[in-house]
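Q: Below are the features listed in TrEMBL for this protein:
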DOMAIN    259-353  domain 'Transglutaminase-like'
ACT_SITE  CYS267  active site
ACT_SITE  HIS325  active site
ACT_SITE  ASP350  active site
BINDING   ASN390, ASP392, GLU439, GLU444  Ca(2+) binding site
Amino acid sequence: SRCQAHRFECVKNCNAAGFSHSTVSHVCQECFLPFCFYWTQPKTFSILHPGPQPSEALGTRSVFGLPEGRWKGSSWKVKVHQGSVLLAGSITLDITSPADAPVGEYSLSVKTSATASVGSSLGKLLLLFNPWCQEDWVHLPEEEERQEYVMREQGLVYKGSEKYISSMAWNFGQFEDDIVDICLKLLDVNPKCLSDPAKDFSARCNPIYVSRVVSAMINANDDRGVLMGRWDGQYDGGMSPTHWNGSVEVLRRWLKYGSNPVKYGQCWVFAAVMCTVLRCLGIPCRVVTNFQSAHDTDKNLTIDDFFSDYGVRPKQSPDSVWNYHVWVEAWMRRPDLSAGSLYDGWQAVDPTPQEKSTDVYCCGPAPVKAILQGHVDLKYDVPFVFAEVNADRVTWMVLADGSKKKIFTDSGSVGQNISTKAVGSDKRVDITANYKHAEGTEKERAVYNQAVKRLNKPEDEENSNGIHDGKPDVSMKIVELTKPVSGKDIDLKLVLNSNDSETRTLVINVNVQAMRYTGIPSSQIQTELKEQKLLPNQGRVKMFQTLSMSRPTRFN
């Protein structure tokens, strides 16, 4: 790991060629690489990143050696390990990398004489991000959290709806023998590396850059990514997203079939696989589920729902609200956004291909602290994640002549019970307060209005008929009398309340449609027309007939 002393054992008794060495496939805390040399001249070590034309200027090459004082300008350091005795037959060297060295596999060589033109190879060293190192941008202070968010190989992913949350076990498997090689392969075939490998290898010192690349490479929409997404229920030629319960099989299939995408994934699969890759590379990471998650396609921080005057929901709005959506949070500093630590900490990163970010299907890293404060003008993709957890939901009525009328604004339903697994246990932790202030409070509205201002959108837009939003004279609410169970009937009631000073006669169109978990209508279930009279300033409860649910109303 970066800024970690890597220990190498040097054997005095050389073979006929003068050296013996072995290759180290990967390194976590310490590595022991046996080699030998004659201890008569200063020793020069070279360490090279495998990219093209390694250079000291890009941080992908370093020359250092013994005695220590002769290489004061080198970012890599070597010294004889305390307690090593050459006469005893071996000597141990401690080689320390800088905290900002690019992650990846390095080749280590040594020149044992001043006249040698080429160094002798000592093997390979794999360098990862180091959350134990205070100088590393991914430093996580608490050991218990490092064990949970870097070292733990099993976890939970939350699914369902805000009232009926379920969990599924997931095997991240980041320390399986071949996973680190697959993760490095994933970095090597990303489009930025293919177009400018020297620049890409150098940029791998930065967890902001690496997490953004991984976000793009987990989906296969515009690159040689790991997973192909599908949401229409047709999974011919692949596996249903519900088939997967771990990342290892997905990543191995991707490598086995020539970096061609694995079929198929949905949000929880994308997120869980990304968590494996980031933990493998040393970046602390956790899987997060947002219930009632908004998908805002036009960056106006509202989700527009359209209904006809007879109750049917047309499919004309690209905006939607998903029952749940899953992404990951990665822990890192954000010195690119603030000279202090204002935006350091958890960053939302989302590999599910929803909207393009700088012409690529990726999302984040978006500082969770920026989302909480409504600072939507910061990198990366903060407006999109802000809308996912705190968009206003605006209901429009589409009239017969095609005009639209705004009939209601719901500012409290989006972003519910944002959940992740607890540290050290299988309990669910609600982290909604990390993303937004409590719904219904002045602080929450102030942050939302600030976010709207930062996007240069007028706060109090008029609807298409020139009528401002206001508190409706009649409100309605659907209440569950029985819990929804797949294949069973469900009893609902509609609660109507009038704030009008006059008697109101209402014509109520009841239209029930099945929806996928992404919020997209799937099929018609029931239509009913009711007429109801409401007295002034009084409430009235009107019972629905029992709805017959002969098939599930939620689809994967």
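Please read every residue number as a count from 1 along the shown chain.
The backbone N, Cα and C atoms fix where each Cβ goes, glycine too.
In terms of burial and nearby residues, how do these features look in this structure?
A: Across the domain 'Transglutaminase-like' (259-353), the model assigns an average pLDDT of 92.
Non-local contacts of HIS325 (active site) by the CB criterion (under 8 A, 6+ apart in sequence, same chain) comprise CYS267, THR289, ASN290, SER293, HIS295, THR352, GLU388.
Its Cβ taken as reference, ASP350 (active site) is surrounded by 31 other Cβ atoms within 10 Å in the chains shown.
Taking all protein chains in view, 25 other C-beta atoms sit within 10 angstroms of the C-beta of ASN390 (Ca(2+) binding site).
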Q: Work out how many Å separate ASN390 (Ca(2+) binding site) and ASP350 (active site) at their Cα atoms, rounded off.
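A: One finds 17 Å between the Cα atoms of these residues.
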Q: Are there any residues in the same chain, six or more apart in sequence, whose C-beta is under 8 angstroms from the C-beta of ASP392 (Ca(2+) binding site), and if so which?
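A: LEU301, THR302, ILE303, THR409, ASP410, SER411, VAL414, TYR448 - these are the non-local Cβ neighbours of ASP392 (Ca(2+) binding site), listed in sequence order.
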Q: Same chain only, sequence gap of 6 or more: which residues have a CB within under 8 Å of the CB of GLU439 (Ca(2+) binding site)?
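A: Listed in sequence order, they are SER411, GLY412.
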Q: Using CB atoms and a 10 A radius, I'd like the single residue among the recorded positions CYS267, GLU444 with the highest neighbour count.
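A: Output for this query is CYS267.
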